[in-house]
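Notes follow once the structure below has been shown.
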Amino acid sequence: MEVEVVREERTHQAIPCSSARRRSKLSLGQREVTVQKGPLFRAAGYPVSIGCNVTGHQGPAEQHFQWSVYLPKAPTQEVQIVSTRDATFSYAVYAQRVRSGGIYVERVRGNSVFLHISELQPKDSGEYECHTPNTDERYYGNYSAKTRLIVVPDTLSATMSSQTLGKEEGESLELTCEASKATAQHTHLSVTWYLMQDGERNQTTKIISLSKDFTLIPGPSYTERFAAGDVQLGKLGVSTFRLSIGSLQPSDQGQLFCEATEWIQDPDETWTLITRKQTAQTALRIRPTARDFQVNISAESTFTAGKSLELACLVGGGGRDPQLQGVWFFNGNEMARIDAGGVLDLKGDYKERASQGQLQVSKFSPKAFALRIFSAGPEDEGIYRCAVAEMARAPMGSWQVLQRKQSPDRHVHLRTPAARNVVLSTKNKQQAVWEGEALTLLCKTDGAESLLSVEFWRLPRGQTQPEFVAGVQQDGTVRLGASSEELHNQSPTRLQKMDWATFQLEISSTSSTDGGVYECRVSEGAWNQARGRSWTQKLAVTVQSLQSSLRVKLMSRQPQVELAKTFGLSCVAEADYTSLGVLLAVTWQFQPARSRVFHPLVRITHNGTIEWGDFLSQFQKKTKVFQSSFRSQLLIHDASEEEAGVYQCKVEVYVSNSLCTRGPARASAVSHALMIAITLPESKLQVNSSSQVREILINSNTDIECRVLSRSTGDLQLAVIWYFSPSSTNATWLRILQMDQTNVVKYGDEFPTPWRKQKFYTEKVSQDLFQLHILNMEDSDQGKYHCTVEEWLLSTNGTWHKLGEKKSGLTELKLRPTGSQVRVSKGYRTENATEHGDVAIHCSVESFGSPASLFSVMWYRNRENSGRKTLVHLHHDGLLEYGEEGLRRHLHCYRSSHTDFVLKLHRVETEDAGLYWCRVTEWQLHGSPSNWVNQASDESQPMVLSVLPSEPTFPSRVCSSTSLLYFLVACPCIPLVLLFISLFCLYRKGRKLSALSLKAQKEKALWMNLKRAGDWTANQKEEEEEDH
C-alpha cells in the first residue's frame, strides 16, 4: 500500500519572471515572453509543470497564453495543445487529455501561467512553445518562447520485505530497504524512513532521511534522539539503506516503511523530483515498562524588576511519554494546574495577570512544565515549588493518579540594581544636520540586563525650560511630547527599542526648531517607582537652514537668438547639501518686452509633475523640459518675437518627507534676470543679375524670367514684384504687379484698367523661378523690365518678417522689324586723314520698304585692343544721342539727304584710327492708334580710317630756328602776314554760317512733318478712348 507522505518538496518550477523583469528594464514597453530554461528531463508516468511569464505588454492586465509542441518526428510542425482563450485550440492528439484534465493551464497571475501535464507519456518529448497573442498597439518585442522537454523511462525501484515485529520498550531495532536507479542522466537519490502510527492511516511521521545532497535530516519528533545518537540512518553498499533505533519507545509503535526519491538538476540549477517509490510496510509492536521518576525545578536565584522570570519543572526517569499532571505553588499556595489532558486552571489574581499577558503557564514537552512571569516585580519574590503526578485513564474515562512527586523548594530574590553609565550620540557621529535631514539619536546604557524606561527631552536655544520629546515605558508603550505630536505628520518622530540597553530616537525630517540640547533620561523599574534610580546624558545638536547656502544661476549660450531658431536656458542650483537627496521644484518666469511683470511659464514640481502656464499660447507645444537633480533646462524651438524678453527661474527645495506629506518648501531662491533678444536671420538671397536685350514681334506674346540663385534655409516664402520703365527718356519705374509671400497677386496703381491687368500676369514655375507673361506686345510695352525678390519668414504667432530683398538684372524689350528690307551700301573703303585735320564718313541707304519710312542711324567704332564702342545715335525723329558726353565736341552726325548720313570727326588724333561703320534702322507707322515701329536694320561694311602725322609747315620751320625767328619778328613783313591770316579767317567763318543756315532749313521742314504725324496720332488715341 502506497501512503501519501506530507512534506515540503518542489513539484514544479517557479515562474521565471525575475530575469524577464531585468530584461524588460532595458527597453520599457517591449514585450518579453520567458519560459523555464531547458532541456527538462522528466520521467514517464509522473507530472511536469512548465511556467510561462510575459512582461512589457500593453492592453489588459490578464494576458492569454497558447501552448504548442514541436515533436521530434516533425520538428517544424506545430501541434497545438491548450489555450486560455480558445477551448477548441487543442489538436485531436491532445484534445482528450485536455478535456479529462490530464493537461491544463493554471493561471498564477494575469501575466503568468503554468502548463501542467499530470502523467507524462514517452511521446510527450519535444520542444514546447508558449505564445501570447498580441494586445499591443504595435508589434514590439517577442511574443513566444520555447523550451525542450525530454521524457525518460522510470528506472527507480524501492523494496523491503513486509513483516511484523514485537519489541520491548528500550530494545534496539534495525530495518533495511533496497533503493536503486538506472537513469542515463546524472540524478541524485534521497531515502526517507516514515512511521504511520496506529489509528492515523493518512498521517505519517518522518523519522530520518538521507537527502539528495547526502545530508542526514531527522524528523521534528526525532531531532533530540538523533542528536543523542539513538536514531541513525546508514548506507550499506550501493543500494542498501539501514534504519537503526538504539532504544525503542512506545511512541515508535506503528507501520514503518521506506521511500526513495530520484532528483535531477535543471539548467537553472534547481533540483526537481522526477520519480518516487515506497516499500512495503513493517508492523512494529512495543510493550512498555513501568519506571519511577524524579521532579526538579530550574530557575535563577535572582531576578530584575520589570524583566521576565522563568521557572521550569523537569521530570526525570519514568516511562516513554507518560501522562503527567503539573501543579505550581508559590509560598505554599497553588498558583496554576495543567492536567494530563492539557487543560490549564489558574488560581486567584494569576488568572487576571495571564489575561493581561503578564503571566504564562505551559507544558513545553511531555516531561517539562514552564512558568513565565513577563514583568516580575517585588510581589513575585518568594518560594516556588512544583508537583507532578503520573496519571492513567480509568475504564470509565476519568484520570487516576499512579504516583506523585514534588520538587524541592526554590527561593527567588529580587536583584538590587547597580549604577549605570549612559551614552547619548548621533548615529552618524555628526552633531550638525541640514534642515530636512533625518536626525537619529542613540541612547545606550550598560550594566546588568533589565527592563528600562527612557525619556528624551530637548532644551531649545534661548529657552530655560526643556520640552518633552518622546518616551518608552518598560512594557514598550511609547508616548510623544506635545510638540512632536503636532509635527508628527510633517516630520514623523519615532522612538524604538533596539535592544534592552539601546534606544533610538529618529526625527525623519528635521526643521530649524529641532535644534538644541537633547537629554536622555534612563530609569529602571516602573516610572512611578523610578525615583532615585535614573541616569541622564546630554548632547547639543545644530540644525542648519537649507536657505543659507542655496544659490541659483540662469545661463544661456545664445542671448541673441535668430527668429525661428532653437535656444536653451539652463537653471543651475548650487548648495552645500547636494548629497542630501533633496527634491527641487523649478518655476520658469518670463517678463515680456516693455513690461514690468513676470508671468509663470512652466513649473516642474518636486514629484516630477509639469504644470504649464497660459501666458504664451504656443509655448508648451514648442518647448522641451529637462530636469535633473540640481539642473533644469528649457529648450525652446522655433523662436518668435513673443519669446523676446527677460527670463528668470525660481528654485524651491523640498525634502523627501515633504513629498509624502505635501509639506511646504524648506528653502527657495530666484536667479538673476536674463535678457533674450530675438533677431532676424541674415538673408542669403541671390537673384540672377545679368541683363539682356530682346527683340519681340509686334502683337506677339513673351515672358521674362526672374530666377533665384540661392536662398536662406528654413521655412521661408518669397514675394516677387515686377517693375517696368518705358523706352521714353527720363521714365520712372512703374510697378506692374506683386505676388506676395502668400501667393496673392496685386497690380500696381499705374495699371488700373482691366485691359492693362489682362496684358500682364505672373507665374510661379518652381520654388526658384518666376515668370512675367506679356500678351500682345506693342510699342508701349517697349522698355526695360526687372523683378525684385523679397524673402519672408513666418513666425509661430502668424507674423511675417522680411529678411531681405534682391533686384534682378534688366531685360530690355524692343519690337522686331516686321518685313521691310532696308539695305545699306556695302563697299569696302579706306580713308586717310591727317592729324589735327577733319574727316567725313558717309553711310547711304540703297533700298528700303516704303517712301513713308523714316530712318535712324547708329555709328560704331572698333579700335585695336578696345572692342566695339557706340559713338552716336541719330533717331528717326531727329533726336541725337551720344555714347559718351565727351564726344559731343569731337563728333557730328547729320543727314545729308533723306537716305544719306554723315559722321564728321573734328581734329582727328592718332587714337581715332580704327574701323568705323553704321547701322541704319527703318521705321514705319503701324497699329491703331499708329505708332512708329522698327521694321528692319542693316549694317555697312567697316571703313578703315588711318591717321597720318602732319607735314612740317613754314611757320613750324620758322619756329624751329631762333635766329630766323628773330629776323622775321624784326622784318617789316609782319603786317602782311597778319592781313593774310585775317582774310583766311573771314573766309572760313562765312562758309560755316552758310552751312548752318542750310541745316536749319532742313530740320525745320522735318519737325513740321513729325508734328503733323504726332497730332494725328493723338487725335486717333482720344477717339479710341472715347469708344472704350
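Just so it is clear, glycine is given a Cβ too, placed from its N, Cα and C backbone atoms.
Any TrEMBL annotation is an automated prediction that lacks curation.
Annotated features, as they stand in TrEMBL:
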- 16-141: domain 'Ig-like' (DOMAIN)
- 153-275: domain 'Ig-like' (DOMAIN)
- 288-388: domain 'Ig-like' (DOMAIN)
- 417-536: domain 'Ig-like' (DOMAIN)
- 569-660: domain 'Ig-like' (DOMAIN)
- 681-790: domain 'Ig-like' (DOMAIN)
- 817-946: domain 'Ig-like' (DOMAIN)
- 964-987: transmembrane segment (TRANSMEM)
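Computed over the domain 'Ig-like' (817-946), the whole-number mean pLDDT of the model equals 83.
Here the domain 'Ig-like' (681-790) has, by DSSP, the following mix of helix, strand and coil residues: 9 helix, 57 strand, 44 coil. Residue counts for the domain 'Ig-like' (817-946) under DSSP, helix first, then strand, then coil, are 8 helix, 75 strand, 47 coil. DSSP places the residues of the domain 'Ig-like' (153-275) in helix, strand and coil in these numbers: 11 helix, 65 strand, 47 coil.
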